[in-house]
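Reading through the structure tokens given below for one structure.
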Amino acid sequence: MAAMAVGGAGGSRVSSGRDLNCVPEIADTLGAVAKQGFDFLCMPVFHPRFKRESIQEPAKNRPGPQTRSDLLLSGRDWNTLIVGKLSPWIRPDSKVEKIRRNSEAAMLQELNFGAYLGLPAFLLPLNQEDNTNLARVLTNHIHTGHHSSMFWMRVPLVAPEDLRDDIIENAPTTHTEEYSGEEKTWMWWHNFRTLCDYSKRIAVALEIGADLPSNHVIDRWLGEPIKAAILPTSIFLTNKKGFPVLSKMHQRLIFRLLKLEVQFIITGTNHHSEKEFCSYLQYLEYLSQNRPPPNAYELFAKGYEDYLQSPLQPLMDNLESQTYEVFEKDPIKYSQYQQAIYKCLLGRVPEEEKDTNVQVLMVLGAGRGPLVNASLRAAKQADRRIKLYAVEKNPNAVVTLENWQFEEWGSQVTVVSSDMREWVAPEKADIIVSELLGSFADNELSPECLDGAQHFLKDDGVSIPGEYTSFLAPISSSKLYNEVRACREKDRDPEAQFEMPYVVRLHNFHQLSAPQPCFTFSHPNRDPMIDNNRYCTLEFPVEVNTVLHGFAGYFETVLYQDITLSIRPETHSPGMFSWFPILFPIKQPITVREGQTICVRFWRCSNSKKVWYEWAVTAPVCSAIHNPTGRSYTIGL
């Protein structure tokens, strides 16, 4: 029937649905809608005017069928092409008890019939402040039966009453709600999903009106689990040729929604009557084809969006060949290392000494040899002589290094199979080069490794990198909170998954404030007593009502002088994909009001066998201290 179905957004094609309030002949309508190019149909499960009475006789026992037969469509069509809609008269949060009780019964009847049909999704309206009973009825429905429908909450981007043009200017308006204006509808949603305990089955169908809110409100919505965007035909403008188009502001919003792979639902009558209705859909296709192309980082990260991974522990574990292979493909990292080594060699060896001064260069953690090759290229580029040691503790990777030496490098490179902290070097190094950084800079124990190796660095020797700093930023993300919650393991503390960091390509999230520096390490470390434990307090101003789910971690490093690498969004090295950000979750989401400050405390702790992080929020409210004593997560020395 249709090329794609509900939940089928992906690839370059826009996935779209048609929203109708009345469907007399379902099979014919579905055929017509598919012909126009739509993938699914949103329609009431029951006739909108067929109000049922569940409480009082005699209407309670009205004869005849309650709604159309399921036999009108095949099971597969119900499963993939129809999104159910709740009858508009159903108001489970009515203050009138009879209406409320009747609505509850009718809502359950419609939800149960939707489950019986196997509908992939059901559309329910959120159009007022108090939706508590709606949340209870829906949550009870989700927890009974074995159905798997998604529930799309239809939320307006801007509340309809805020668009009324009959309000007299400067006249006092009566606001009964705690939040007004742009904040209102997000608070409806936030309170509703909190009541539903962040159920993964409940998502947003965001209705976009002619007026758009400010950018920070849109940014916040894009951190929510938006599965569909509802576009009324009335928001489309008309171009010179009579076709429907959207304003520049709306286009920018559509581009951002396309990145989240939402499905689009067109609602309303044809406002461009001389054109076919499918022209609305064709315009969305046009926008999809003409959106900015993905950059190298986005292409590499495709498929990893919001996918949680445990951080690597290359000190404790030996990496696999494929892991090395992925990192070696990074086009930026090794060219920056080569540039840093090149500059360092020129700085250490004057032109007149280039034939006599041989610099001893040690690659610590050589892996399969990319830094050795970068060093050799740098020496050639600088026209300087070097003697190279490639030190690697992974015996499997050493095999690759020895093959390189035999086939390419020759006597210029000495391969050493040893842990750099235990190696007794035959001579001291002029330059030590390493790539031991993780997504949070020091989380793969670069400080401990380089401190253990610096005794064979000359007093005037150079470490590349010379310095690195971790950064933290507060984020809101329903998606990531639910992903972490789902990581619960059978034999562990039920909240252990919230006490460990995850490497993740952040996608469906909202950053609440700019990243701030956390811990800095410098090499060589000339302190008489080296201590890599740290404690920092960071305060983040927040300009919007929101909810805190955790902290994104990034890093910047100075390789040598002005040669840097960064995954901090503001300074991200273009095209570099070796590191995704790190996520530090918190156990309980924390509501944050506009103008409040988020205060977080971070500790880096260690003993003789391991290193770990602890963290706690202390404003606007206090959280528990996460991961005390490293009980849920440590990094092995």
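For all residues, glycine too, the Cβ spot is worked out from N, Cα and C.
The S-adenosyl-L-methionine site recorded in Swiss-Prot comprises Y324, K333, Y334, D419, M420 together with one of E285, E298, E392, E444, namely E392. Residues F327, E444 are recorded by Swiss-Prot as protein binders, and the candidate that the same record lists for that site, out of E320, E435, is E435. Below 8 angstroms of C-beta separation, residues 631-632 of the same chain, each at least six residues beyond the ends of the region 'Dimerization' (488-494), sit close to that stretch. In this entry, protein is bound by F327, E435, E444, whose most widely separated C-alpha atoms sit 15 angstrom apart. Taking a C-beta cut-off of under 8 angstroms and a sequence separation of 6 or more, E435 (active site, proton donor/acceptor) has the following same-chain neighbours: K333, Y337, G365, G367, L371.
A simple way to gauge crowding: the CB of F327 (protein binding site) has 18 other CB atoms within 10 angstroms, across all the protein chains here.
Residue environment of E444 (active site, proton donor/acceptor) contains 23 other Cβ atoms, counted within 10 Å of its Cβ in all protein chains. In the region 'Dimerization' (488-494), the DSSP tally of helix, strand and coil residues is 0 helix, 0 strand, 7 coil. Residues F327, E435, E444 make up the record's protein site, and a Cβ search at 8 Å around their centroid adds L312, P314, G365, G367, L436, L437, G438, S578 from the same chain. Across the domain 'SAM-dependent MTase PRMT-type' (308-615), the prediction's mean pLDDT works out to 96.
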